[in-house]
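*Asks:* To start, I am sharing the structure in question, which I have written as C-alpha coordinates.
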Amino acid sequence: MASLRRLFPLCSSSINRTAFSASEAREGFGGSFFRGYSVIASSDQTVLRPDDDCGQVAADSFITDDEIGKIRHEFDAARQCFHKIPKVLKGMPKMNPKGIYVNKNLRLDNIQVYGFDYDYTLAHYSANLQSLIYDLAKEHMVNELRYPEVCMKFKYDPTFPIRGLYYDRSKGCLLKLDFFGSIEPDGCYFGHRKLSRKEIEELYGTRHIGRDQARGLVGLMDFFCFSEACLIADVVQHFVDAKLEFDTSYIYEDVNRAIQHVHRSGFAHRGILADPHRYLVKNGELLRFLRMLREKGKKLFLLTNSPYYFVDGGMRFMLEDSLGYKDSWRELFDVVIAKAKKPEFYTSEHPFRCYDTEKDTLAYTKVDAFLPNKIYYHGCLKSFLQITKWNGPEVIYFGDHLFSDLRGPSKAGWRTAAIIHELESEIHIQNEDSYRFEQAKFHITQELLGKLHSTVAQSQRCEAYKSLFDELNEERQNARSMMKRMFNRCFGATFLTDTGQESAFAYHIHQYADVYTSKPENFLFYPPEAWLQSPFDIKILPHHVKVPSTLFEN
(Lines of atoms letter the chains of each structure in order from A; the text may use other names.)
(Lines give C-alpha, C1' and ligand atoms only; values in the text may rest on other atoms or scores of the structure.)
Protein backbone atom coordinates (compact mmCIF):
# COMPACT_ATOMS: atom_id res chain seq x y z
CA MET A 1 0.00 0.00 0.00
CA ALA A 2 1.22 3.42 -0.87
CA SER A 3 2.37 5.57 2.01
CA LEU A 4 0.07 8.15 3.51
CA ARG A 5 2.29 10.81 1.96
CA ARG A 6 0.25 10.20 -1.19
CA LEU A 7 -2.93 11.33 0.50
CA PHE A 8 -1.98 14.79 1.68
CA PRO A 9 0.01 17.72 0.32
CA LEU A 10 3.17 18.64 2.17
CA CYS A 11 2.61 21.26 4.83
CA SER A 12 4.86 24.22 4.34
CA SER A 13 5.38 27.55 6.04
CA SER A 14 1.71 27.90 6.95
CA ILE A 15 2.42 25.11 9.40
CA ASN A 16 5.82 26.46 10.39
CA ARG A 17 4.19 29.59 11.77
CA THR A 18 2.61 27.51 14.53
CA ALA A 19 4.26 26.18 17.64
CA PHE A 20 5.23 22.91 15.94
CA SER A 21 8.89 22.11 15.38
CA ALA A 22 10.39 22.57 11.92
CA SER A 23 11.13 18.88 11.59
CA GLU A 24 7.51 17.99 12.32
CA ALA A 25 6.34 20.53 9.77
CA ARG A 26 8.58 19.13 7.06
CA GLU A 27 7.11 15.67 7.54
CA GLY A 28 3.66 17.06 6.78
CA PHE A 29 0.41 15.14 6.98
CA GLY A 30 1.99 12.11 5.37
CA GLY A 31 4.59 11.58 8.07
CA SER A 32 4.19 11.82 11.84
CA PHE A 33 2.63 15.26 11.96
CA PHE A 34 2.43 14.88 15.71
CA ARG A 35 4.51 12.10 17.12
CA GLY A 36 1.61 11.00 19.30
CA TYR A 37 -1.02 10.95 16.59
CA SER A 38 -1.93 8.52 13.84
CA VAL A 39 -3.45 9.76 10.60
CA ILE A 40 -6.91 8.69 9.49
CA ALA A 41 -7.88 9.58 5.91
CA SER A 42 -11.43 10.38 4.87
CA SER A 43 -12.97 12.23 1.95
CA ASP A 44 -14.49 14.86 4.19
CA GLN A 45 -11.65 15.78 6.46
CA THR A 46 -8.34 14.77 7.93
CA VAL A 47 -8.75 13.43 11.44
CA LEU A 48 -5.79 13.10 13.77
CA ARG A 49 -6.61 10.52 16.41
CA PRO A 50 -4.72 10.49 19.74
CA ASP A 51 -2.71 7.32 20.22
CA ASP A 52 -3.17 5.46 23.48
CA ASP A 53 0.12 6.70 24.94
CA CYS A 54 -0.65 10.39 24.61
CA GLY A 55 -4.43 10.57 24.24
CA GLN A 56 -4.94 11.48 27.89
CA VAL A 57 -2.25 14.17 27.69
CA ALA A 58 -3.95 15.72 24.64
CA ALA A 59 -7.37 15.56 26.28
CA ASP A 60 -6.11 17.17 29.47
CA SER A 61 -4.21 19.97 27.70
CA PHE A 62 -5.80 23.40 27.82
CA ILE A 63 -6.49 24.82 24.35
CA THR A 64 -7.27 28.52 24.40
CA ASP A 65 -9.38 30.53 22.01
CA ASP A 66 -6.16 32.28 21.07
CA GLU A 67 -4.91 29.12 19.29
CA ILE A 68 -8.11 28.85 17.29
CA GLY A 69 -7.69 32.56 16.61
CA LYS A 70 -4.26 31.93 15.09
CA ILE A 71 -5.72 29.45 12.63
CA ARG A 72 -8.54 31.89 11.91
CA HIS A 73 -5.95 34.59 11.21
CA GLU A 74 -4.09 32.31 8.76
CA PHE A 75 -7.35 31.49 6.99
CA ASP A 76 -8.43 35.13 6.73
CA ALA A 77 -4.99 36.11 5.42
CA ALA A 78 -5.13 33.37 2.80
CA ARG A 79 -8.68 34.32 1.83
CA GLN A 80 -7.54 37.81 0.99
CA CYS A 81 -5.34 36.25 -1.67
CA PHE A 82 -8.19 34.12 -3.04
CA HIS A 83 -9.58 37.12 -4.95
CA LYS A 84 -6.91 37.05 -7.63
CA ILE A 85 -4.47 34.60 -9.14
CA PRO A 86 -0.99 35.21 -7.67
CA LYS A 87 1.68 36.23 -10.16
CA VAL A 88 3.97 33.46 -8.93
CA LEU A 89 1.46 30.88 -10.19
CA LYS A 90 1.85 32.10 -13.76
CA GLY A 91 5.56 31.37 -13.54
CA MET A 92 5.13 27.75 -12.45
CA PRO A 93 6.43 25.20 -14.98
CA LYS A 94 3.84 23.52 -17.19
CA MET A 95 3.62 19.78 -17.67
CA ASN A 96 4.05 18.54 -21.23
CA PRO A 97 0.74 17.21 -22.65
CA LYS A 98 2.77 15.08 -25.08
CA GLY A 99 5.32 13.95 -22.52
CA ILE A 100 6.25 10.43 -21.50
CA TYR A 101 5.60 9.87 -17.81
CA VAL A 102 7.57 7.25 -15.97
CA ASN A 103 6.52 4.87 -13.20
CA LYS A 104 9.55 2.57 -13.53
CA ASN A 105 12.91 3.62 -14.91
CA LEU A 106 13.34 2.69 -18.55
CA ARG A 107 16.47 2.76 -20.69
CA LEU A 108 15.40 3.01 -24.31
CA ASP A 109 18.86 1.95 -25.47
CA ASN A 110 18.11 -1.47 -23.95
CA ILE A 111 14.86 -1.85 -25.91
CA GLN A 112 15.37 -3.82 -29.11
CA VAL A 113 11.77 -4.85 -29.87
CA TYR A 114 8.69 -2.60 -30.05
CA GLY A 115 5.22 -4.19 -30.03
CA PHE A 116 1.91 -2.39 -30.60
CA ASP A 117 -1.80 -2.91 -30.17
CA TYR A 118 -3.93 -1.40 -32.94
CA ASP A 119 -7.17 0.16 -31.64
CA TYR A 120 -6.58 3.40 -29.72
CA THR A 121 -2.83 2.75 -29.85
CA LEU A 122 -1.71 2.95 -33.46
CA ALA A 123 -5.19 3.95 -34.61
CA HIS A 124 -6.47 7.36 -33.50
CA TYR A 125 -10.26 7.69 -33.54
CA SER A 126 -12.48 10.73 -33.51
CA ALA A 127 -15.16 11.33 -30.85
CA ASN A 128 -17.76 10.06 -33.34
CA LEU A 129 -16.72 6.46 -32.73
CA GLN A 130 -18.36 6.24 -29.31
CA SER A 131 -21.71 7.31 -30.75
CA LEU A 132 -21.39 4.64 -33.45
CA ILE A 133 -20.68 1.89 -30.91
CA TYR A 134 -23.47 3.14 -28.64
CA ASP A 135 -26.07 3.25 -31.45
CA LEU A 136 -25.15 -0.20 -32.78
CA ALA A 137 -25.31 -1.69 -29.27
CA LYS A 138 -28.71 -0.20 -28.41
CA GLU A 139 -30.08 -1.45 -31.76
CA HIS A 140 -28.90 -4.95 -30.91
CA MET A 141 -30.54 -4.76 -27.48
CA VAL A 142 -33.87 -3.71 -28.98
CA ASN A 143 -33.86 -5.95 -32.05
CA GLU A 144 -32.25 -9.08 -30.63
CA LEU A 145 -32.63 -8.91 -26.84
CA ARG A 146 -36.16 -7.44 -27.03
CA TYR A 147 -35.57 -4.35 -24.92
CA PRO A 148 -38.34 -1.71 -25.07
CA GLU A 149 -38.60 0.12 -28.39
CA VAL A 150 -38.23 3.44 -26.57
CA CYS A 151 -34.56 2.58 -26.00
CA MET A 152 -33.97 3.45 -29.66
CA LYS A 153 -34.39 7.10 -28.67
CA PHE A 154 -31.40 7.00 -26.34
CA LYS A 155 -28.49 9.26 -27.32
CA TYR A 156 -24.86 8.89 -26.35
CA ASP A 157 -23.81 11.59 -23.87
CA PRO A 158 -20.04 12.26 -24.07
CA THR A 159 -20.19 14.45 -20.95
CA PHE A 160 -21.28 11.61 -18.66
CA PRO A 161 -18.65 8.81 -18.54
CA ILE A 162 -14.92 8.65 -17.99
CA ARG A 163 -12.52 5.74 -18.30
CA GLY A 164 -11.83 3.61 -15.25
CA LEU A 165 -15.31 3.42 -13.70
CA TYR A 166 -16.69 0.28 -12.08
CA TYR A 167 -20.17 -1.19 -12.38
CA ASP A 168 -21.60 -2.94 -9.34
CA ARG A 169 -23.61 -5.80 -10.81
CA SER A 170 -25.47 -6.50 -7.57
CA LYS A 171 -26.51 -2.90 -6.78
CA GLY A 172 -26.58 -1.34 -10.24
CA CYS A 173 -24.29 1.58 -9.43
CA LEU A 174 -21.56 3.11 -11.55
CA LEU A 175 -18.67 3.89 -9.21
CA LYS A 176 -15.49 5.89 -9.29
CA LEU A 177 -13.04 4.43 -6.80
CA ASP A 178 -9.90 5.90 -5.31
CA PHE A 179 -6.42 4.38 -5.03
CA PHE A 180 -7.43 2.44 -1.90
CA GLY A 181 -10.73 1.08 -3.18
CA SER A 182 -13.05 3.61 -1.56
CA ILE A 183 -16.04 5.09 -3.37
CA GLU A 184 -15.62 8.69 -4.45
CA PRO A 185 -18.20 10.66 -2.37
CA ASP A 186 -19.58 12.40 -5.49
CA GLY A 187 -18.84 9.52 -7.86
CA CYS A 188 -21.64 7.01 -7.31
CA TYR A 189 -24.51 6.98 -9.83
CA PHE A 190 -27.62 4.82 -10.06
CA GLY A 191 -28.70 5.44 -13.61
CA HIS A 192 -28.13 9.16 -14.04
CA ARG A 193 -28.91 10.02 -10.43
CA LYS A 194 -25.98 10.80 -8.18
CA LEU A 195 -26.30 9.15 -4.79
CA SER A 196 -25.69 11.23 -1.70
CA ARG A 197 -23.08 10.26 0.86
CA LYS A 198 -25.83 9.09 3.18
CA GLU A 199 -27.30 6.89 0.46
CA ILE A 200 -23.86 5.42 -0.28
CA GLU A 201 -23.39 4.53 3.39
CA GLU A 202 -26.89 3.03 3.60
CA LEU A 203 -26.28 0.97 0.46
CA TYR A 204 -22.71 -0.19 1.17
CA GLY A 205 -22.37 0.29 4.93
CA THR A 206 -19.07 2.03 4.30
CA ARG A 207 -17.45 3.78 1.39
CA HIS A 208 -14.62 1.26 1.32
CA ILE A 209 -15.18 -1.67 -1.03
CA GLY A 210 -14.12 -4.87 0.68
CA ARG A 211 -12.78 -7.96 -1.02
CA ASP A 212 -16.16 -9.70 -1.09
CA GLN A 213 -17.91 -6.67 -2.58
CA ALA A 214 -15.12 -6.20 -5.11
CA ARG A 215 -15.97 -9.57 -6.68
CA GLY A 216 -19.23 -8.06 -7.88
CA LEU A 217 -17.53 -5.09 -9.58
CA VAL A 218 -16.69 -4.91 -13.27
CA GLY A 219 -13.99 -2.51 -14.45
CA LEU A 220 -14.77 -0.40 -17.53
CA MET A 221 -11.27 0.23 -18.85
CA ASP A 222 -11.07 -0.17 -22.63
CA PHE A 223 -12.11 2.06 -25.52
CA PHE A 224 -15.64 0.60 -25.43
CA CYS A 225 -16.06 1.74 -21.82
CA PHE A 226 -17.47 5.18 -22.63
CA SER A 227 -20.39 3.93 -24.69
CA GLU A 228 -20.85 0.96 -22.35
CA ALA A 229 -21.08 3.08 -19.18
CA CYS A 230 -23.46 5.52 -20.84
CA LEU A 231 -25.74 2.77 -22.14
CA ILE A 232 -25.83 1.03 -18.74
CA ALA A 233 -26.85 4.30 -17.06
CA ASP A 234 -29.49 5.03 -19.71
CA VAL A 235 -31.09 1.58 -19.43
CA VAL A 236 -31.10 1.63 -15.61
CA GLN A 237 -32.60 5.12 -15.59
CA HIS A 238 -35.31 4.12 -18.05
CA PHE A 239 -36.32 1.10 -15.96
CA VAL A 240 -36.44 3.27 -12.84
CA ASP A 241 -38.50 6.02 -14.52
CA ALA A 242 -40.88 3.45 -16.02
CA LYS A 243 -41.19 1.78 -12.59
CA LEU A 244 -40.27 -1.60 -14.07
CA GLU A 245 -38.74 -4.35 -11.98
CA PHE A 246 -35.31 -5.43 -13.15
CA ASP A 247 -32.17 -7.22 -12.03
CA THR A 248 -29.13 -4.95 -12.24
CA SER A 249 -26.81 -7.86 -13.05
CA TYR A 250 -28.88 -8.64 -16.14
CA ILE A 251 -28.53 -5.05 -17.31
CA TYR A 252 -24.76 -5.38 -17.33
CA GLU A 253 -24.82 -8.79 -19.01
CA ASP A 254 -27.09 -7.56 -21.79
CA VAL A 255 -25.27 -4.28 -22.39
CA ASN A 256 -21.90 -6.01 -22.36
CA ARG A 257 -23.19 -8.72 -24.70
CA ALA A 258 -24.44 -6.04 -27.08
CA ILE A 259 -21.15 -4.14 -26.97
CA GLN A 260 -19.16 -7.32 -27.58
CA HIS A 261 -21.49 -8.25 -30.44
CA VAL A 262 -20.83 -4.90 -32.09
CA HIS A 263 -17.11 -5.66 -31.96
CA ARG A 264 -17.10 -9.36 -32.81
CA SER A 265 -19.77 -9.19 -35.50
CA GLY A 266 -17.76 -6.64 -37.42
CA PHE A 267 -20.57 -4.06 -37.44
CA ALA A 268 -18.34 -1.40 -35.89
CA HIS A 269 -15.42 -2.34 -38.13
CA ARG A 270 -17.49 -2.07 -41.29
CA GLY A 271 -19.06 1.17 -40.11
CA ILE A 272 -15.64 2.72 -39.55
CA LEU A 273 -14.21 1.59 -42.89
CA ALA A 274 -17.36 2.74 -44.72
CA ASP A 275 -16.71 6.31 -43.57
CA PRO A 276 -13.06 6.53 -42.39
CA HIS A 277 -12.98 10.33 -42.63
CA ARG A 278 -15.67 10.45 -39.93
CA TYR A 279 -14.06 8.03 -37.51
CA LEU A 280 -10.30 7.75 -38.16
CA VAL A 281 -7.62 10.42 -37.80
CA LYS A 282 -4.81 10.56 -40.36
CA ASN A 283 -1.43 10.40 -38.70
CA GLY A 284 1.82 11.06 -40.55
CA GLU A 285 3.71 11.36 -37.26
CA LEU A 286 3.00 7.71 -36.53
CA LEU A 287 4.68 6.68 -39.78
CA ARG A 288 7.69 8.86 -38.94
CA PHE A 289 7.98 7.18 -35.53
CA LEU A 290 7.77 3.65 -36.94
CA ARG A 291 10.30 4.42 -39.66
CA MET A 292 12.67 5.94 -37.14
CA LEU A 293 12.57 2.72 -35.13
CA ARG A 294 13.29 0.68 -38.25
CA GLU A 295 16.22 2.93 -39.16
CA LYS A 296 17.64 2.38 -35.68
CA GLY A 297 17.56 -1.37 -36.24
CA LYS A 298 14.65 -2.11 -33.92
CA LYS A 299 12.29 -5.04 -34.44
CA LEU A 300 8.57 -4.22 -34.65
CA PHE A 301 5.46 -6.36 -34.24
CA LEU A 302 1.71 -5.71 -34.26
CA LEU A 303 -0.45 -7.74 -31.88
CA THR A 304 -4.18 -6.98 -32.02
CA ASN A 305 -7.55 -8.58 -31.38
CA SER A 306 -9.02 -6.95 -34.48
CA PRO A 307 -9.32 -8.84 -37.79
CA TYR A 308 -6.75 -8.19 -40.47
CA TYR A 309 -9.09 -6.55 -43.01
CA PHE A 310 -10.03 -3.90 -40.46
CA VAL A 311 -6.41 -3.18 -39.47
CA ASP A 312 -5.34 -3.09 -43.11
CA GLY A 313 -8.09 -0.68 -44.11
CA GLY A 314 -7.39 1.60 -41.16
CA MET A 315 -3.61 1.68 -41.60
CA ARG A 316 -3.96 2.38 -45.33
CA PHE A 317 -6.26 5.32 -44.64
CA MET A 318 -4.23 6.80 -41.79
CA LEU A 319 -0.90 6.57 -43.61
CA GLU A 320 -1.95 7.00 -47.25
CA ASP A 321 -0.84 10.64 -47.37
CA SER A 322 2.61 9.74 -46.04
CA LEU A 323 3.41 6.35 -47.55
CA GLY A 324 4.93 6.11 -51.01
CA TYR A 325 2.79 4.85 -53.88
CA LYS A 326 4.28 1.35 -53.80
CA ASP A 327 4.97 1.20 -50.09
CA SER A 328 2.97 -0.98 -47.71
CA TRP A 329 2.47 -0.43 -44.00
CA ARG A 330 3.15 -4.15 -43.50
CA GLU A 331 6.79 -3.59 -44.43
CA LEU A 332 7.18 -1.60 -41.22
CA PHE A 333 6.56 -4.70 -39.07
CA ASP A 334 8.54 -7.90 -38.69
CA VAL A 335 5.48 -9.75 -37.39
CA VAL A 336 1.73 -8.98 -37.72
CA ILE A 337 -0.68 -10.96 -35.54
CA ALA A 338 -4.45 -10.36 -35.75
CA LYS A 339 -7.39 -11.87 -33.83
CA ALA A 340 -4.98 -12.63 -30.99
CA LYS A 341 -7.74 -13.03 -28.38
CA LYS A 342 -5.97 -11.02 -25.69
CA PRO A 343 -5.81 -11.44 -22.72
CA GLU A 344 -6.13 -15.20 -23.41
CA PHE A 345 -3.12 -14.88 -25.70
CA TYR A 346 -0.81 -14.45 -22.72
CA THR A 347 -1.90 -17.60 -20.85
CA SER A 348 -3.26 -20.03 -23.45
CA GLU A 349 -1.41 -22.47 -25.68
CA HIS A 350 -3.34 -21.76 -28.86
CA PRO A 351 -1.32 -22.39 -32.04
CA PHE A 352 -0.59 -19.71 -34.61
CA ARG A 353 -2.33 -19.97 -37.98
CA CYS A 354 -1.07 -18.34 -41.16
CA TYR A 355 -3.79 -16.20 -42.75
CA ASP A 356 -4.29 -15.96 -46.52
CA THR A 357 -5.32 -12.33 -47.14
CA GLU A 358 -6.63 -13.01 -50.65
CA LYS A 359 -8.67 -16.14 -49.94
CA ASP A 360 -9.65 -15.14 -46.36
CA THR A 361 -8.68 -18.58 -45.09
CA LEU A 362 -6.36 -20.05 -42.48
CA ALA A 363 -3.58 -22.48 -43.39
CA TYR A 364 -3.30 -25.91 -41.77
CA THR A 365 0.47 -26.10 -41.66
CA LYS A 366 2.32 -25.64 -38.39
CA VAL A 367 3.81 -22.20 -37.77
CA ASP A 368 7.37 -22.54 -36.48
CA ALA A 369 8.73 -19.31 -37.98
CA PHE A 370 7.34 -15.86 -38.76
CA LEU A 371 7.94 -15.10 -42.43
CA PRO A 372 8.14 -11.61 -43.97
CA ASN A 373 4.91 -10.17 -45.38
CA LYS A 374 2.78 -12.91 -43.81
CA ILE A 375 -0.18 -12.39 -41.49
CA TYR A 376 -0.82 -14.65 -38.51
CA TYR A 377 -3.96 -15.29 -36.48
CA HIS A 378 -4.50 -16.43 -32.88
CA GLY A 379 -1.42 -17.94 -31.19
CA CYS A 380 -0.09 -17.50 -27.67
CA LEU A 381 2.74 -15.79 -25.84
CA LYS A 382 4.57 -19.06 -25.16
CA SER A 383 4.86 -19.89 -28.87
CA PHE A 384 5.63 -16.28 -29.73
CA LEU A 385 8.65 -16.27 -27.42
CA GLN A 386 9.84 -19.66 -28.67
CA ILE A 387 9.71 -18.53 -32.30
CA THR A 388 11.13 -15.02 -31.97
CA LYS A 389 13.54 -15.48 -29.05
CA TRP A 390 12.54 -11.93 -28.00
CA ASN A 391 12.76 -12.08 -24.26
CA GLY A 392 12.01 -10.01 -21.21
CA PRO A 393 13.17 -6.44 -20.78
CA GLU A 394 14.39 -5.98 -24.36
CA VAL A 395 10.72 -5.89 -25.45
CA ILE A 396 8.28 -3.03 -24.87
CA TYR A 397 4.57 -3.35 -25.68
CA PHE A 398 2.23 -0.40 -26.26
CA GLY A 399 -1.48 -0.75 -25.51
CA ASP A 400 -4.50 1.19 -24.28
CA HIS A 401 -6.19 -1.49 -22.15
CA LEU A 402 -4.45 -1.94 -18.82
CA PHE A 403 -5.82 -5.44 -18.29
CA SER A 404 -6.16 -7.02 -21.75
CA ASP A 405 -3.08 -5.36 -23.25
CA LEU A 406 -0.58 -4.73 -20.47
CA ARG A 407 -1.15 -7.03 -17.51
CA GLY A 408 0.02 -10.13 -19.39
CA PRO A 409 3.19 -8.55 -20.86
CA SER A 410 4.01 -7.01 -17.49
CA LYS A 411 3.88 -10.43 -15.81
CA ALA A 412 5.93 -11.91 -18.67
CA GLY A 413 8.76 -9.47 -17.99
CA TRP A 414 8.19 -7.18 -20.99
CA ARG A 415 8.34 -3.45 -20.48
CA THR A 416 4.98 -1.77 -20.95
CA ALA A 417 3.72 1.57 -22.26
CA ALA A 418 0.11 2.63 -21.65
CA ILE A 419 -1.49 4.83 -24.31
CA ILE A 420 -4.11 7.02 -22.68
CA HIS A 421 -5.58 9.60 -25.01
CA GLU A 422 -7.35 11.49 -22.22
CA LEU A 423 -3.97 12.31 -20.70
CA GLU A 424 -3.28 15.10 -23.18
CA SER A 425 -6.51 17.02 -22.54
CA GLU A 426 -6.30 16.55 -18.77
CA ILE A 427 -2.77 17.92 -18.64
CA HIS A 428 -3.90 20.94 -20.66
CA ILE A 429 -6.52 21.57 -17.96
CA GLN A 430 -4.01 21.07 -15.13
CA ASN A 431 -1.72 23.61 -16.78
CA GLU A 432 -4.40 26.29 -16.68
CA ASP A 433 -3.91 29.01 -14.08
CA SER A 434 -7.55 28.69 -13.05
CA TYR A 435 -7.11 25.01 -12.17
CA ARG A 436 -3.88 25.55 -10.25
CA PHE A 437 -5.47 28.45 -8.41
CA GLU A 438 -8.31 26.23 -7.16
CA GLN A 439 -5.82 23.48 -6.36
CA ALA A 440 -3.79 25.79 -4.14
CA LYS A 441 -6.97 26.94 -2.38
CA PHE A 442 -7.94 23.33 -1.80
CA HIS A 443 -4.54 22.46 -0.34
CA ILE A 444 -4.36 25.33 2.09
CA THR A 445 -7.87 24.73 3.44
CA GLN A 446 -7.05 21.03 3.73
CA GLU A 447 -3.96 21.86 5.77
CA LEU A 448 -5.79 24.29 8.02
CA LEU A 449 -8.58 21.78 8.64
CA GLY A 450 -5.99 19.19 9.64
CA LYS A 451 -4.33 21.69 11.95
CA LEU A 452 -7.68 22.65 13.49
CA HIS A 453 -8.54 19.02 14.23
CA SER A 454 -5.14 18.25 15.67
CA THR A 455 -4.98 21.23 18.02
CA VAL A 456 -8.52 21.18 19.38
CA ALA A 457 -9.62 18.21 21.45
CA GLN A 458 -13.14 16.84 20.94
CA SER A 459 -14.30 18.04 24.34
CA GLN A 460 -13.09 21.59 23.71
CA ARG A 461 -14.77 22.25 20.35
CA CYS A 462 -16.63 25.46 21.02
CA GLU A 463 -18.67 27.75 18.77
CA ALA A 464 -15.52 29.45 17.47
CA TYR A 465 -14.22 26.05 16.39
CA LYS A 466 -17.48 25.05 14.72
CA SER A 467 -17.74 28.33 12.85
CA LEU A 468 -14.17 28.10 11.56
CA PHE A 469 -14.59 24.44 10.65
CA ASP A 470 -17.72 25.17 8.60
CA GLU A 471 -16.03 28.02 6.74
CA LEU A 472 -12.93 25.98 5.96
CA ASN A 473 -14.97 23.00 4.86
CA GLU A 474 -17.15 25.16 2.59
CA GLU A 475 -14.10 26.79 0.99
CA ARG A 476 -12.49 23.42 0.41
CA GLN A 477 -15.69 21.98 -1.06
CA ASN A 478 -16.03 24.93 -3.43
CA ALA A 479 -12.47 24.47 -4.68
CA ARG A 480 -13.02 20.74 -5.07
CA SER A 481 -16.21 21.28 -7.08
CA MET A 482 -14.56 23.86 -9.32
CA MET A 483 -11.68 21.49 -10.14
CA LYS A 484 -14.05 18.58 -10.83
CA ARG A 485 -16.20 20.53 -13.28
CA MET A 486 -13.14 21.46 -15.32
CA PHE A 487 -12.76 17.78 -16.28
CA ASN A 488 -16.09 15.95 -16.33
CA ARG A 489 -19.37 17.16 -14.87
CA CYS A 490 -20.22 13.80 -13.27
CA PHE A 491 -16.99 12.01 -12.39
CA GLY A 492 -14.24 14.63 -12.60
CA ALA A 493 -10.69 13.73 -13.65
CA THR A 494 -9.67 10.30 -14.89
CA PHE A 495 -6.55 10.03 -12.76
CA LEU A 496 -7.57 11.82 -9.57
CA THR A 497 -10.49 11.86 -7.17
CA ASP A 498 -12.05 15.11 -6.02
CA THR A 499 -10.06 14.86 -2.79
CA GLY A 500 -6.72 14.88 -4.62
CA GLN A 501 -6.06 11.16 -4.17
CA GLU A 502 -5.19 8.88 -7.05
CA SER A 503 -8.10 7.07 -8.63
CA ALA A 504 -8.35 3.30 -8.93
CA PHE A 505 -7.56 3.74 -12.64
CA ALA A 506 -4.32 5.46 -11.65
CA TYR A 507 -3.57 2.52 -9.34
CA HIS A 508 -3.75 0.12 -12.29
CA ILE A 509 -1.46 2.40 -14.31
CA HIS A 510 1.05 2.09 -11.45
CA GLN A 511 0.70 -1.67 -11.52
CA TYR A 512 0.93 -2.43 -15.21
CA ALA A 513 2.50 0.52 -17.06
CA ASP A 514 6.22 1.25 -16.81
CA VAL A 515 5.57 4.45 -18.76
CA TYR A 516 2.45 6.15 -20.07
CA THR A 517 1.71 8.82 -22.64
CA SER A 518 -1.12 9.97 -24.90
CA LYS A 519 0.22 8.65 -28.23
CA PRO A 520 3.06 6.32 -29.31
CA GLU A 521 4.53 8.99 -31.59
CA ASN A 522 5.27 11.14 -28.53
CA PHE A 523 8.44 9.02 -28.32
CA LEU A 524 9.68 11.07 -31.28
CA PHE A 525 10.38 13.90 -28.83
CA TYR A 526 12.93 11.72 -27.00
CA PRO A 527 16.24 10.31 -28.27
CA PRO A 528 16.08 6.55 -28.95
CA GLU A 529 18.88 6.11 -26.40
CA ALA A 530 17.17 8.16 -23.67
CA TRP A 531 17.07 7.05 -20.07
CA LEU A 532 13.55 7.63 -18.81
CA GLN A 533 13.55 7.98 -15.04
CA SER A 534 10.68 8.32 -12.60
CA PRO A 535 10.74 11.48 -10.45
CA PHE A 536 12.24 10.78 -7.05
CA ASP A 537 9.68 12.93 -5.21
CA ILE A 538 6.37 11.96 -6.83
CA LYS A 539 3.41 11.70 -4.51
CA ILE A 540 0.91 10.76 -7.19
CA LEU A 541 1.26 10.05 -10.90
CA PRO A 542 4.26 11.92 -12.30
CA HIS A 543 2.23 14.02 -14.76
CA HIS A 544 0.36 15.75 -11.96
CA VAL A 545 1.85 18.79 -10.21
CA LYS A 546 0.66 19.81 -6.78
CA VAL A 547 0.40 23.55 -6.28
CA PRO A 548 1.75 24.40 -2.80
CA SER A 549 -0.25 26.27 -0.20
CA THR A 550 2.66 28.71 0.15
CA LEU A 551 1.26 30.36 -2.96
CA PHE A 552 -0.92 32.46 -0.67
CA GLU A 553 1.74 33.52 1.80
CA ASN A 554 1.93 37.20 2.62
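Heads up, the Cβ atoms here are built off N, Cα and C, so glycines get one too.
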*Asks:* Could you tell me which of the ranges 14-41, 322-349, 462-489 is annotated in TrEMBL as coiled coil?
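*Replies:* Based on what TrEMBL states, coiled coil spans 462-489.
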*Asks:* Give me the CA-CA distance between D119 (active site, proton donor) and D400 (Mg(2+) binding site), in Å, as a whole number.
*Replies:* 8
*Asks:* Taking only the Cα atoms, work out how far D117 (active site, nucleophile) lies from D400 (Mg(2+) binding site), in Å, as a whole number.
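*Replies:* Answer for this pair: 8 Å between alpha carbons.
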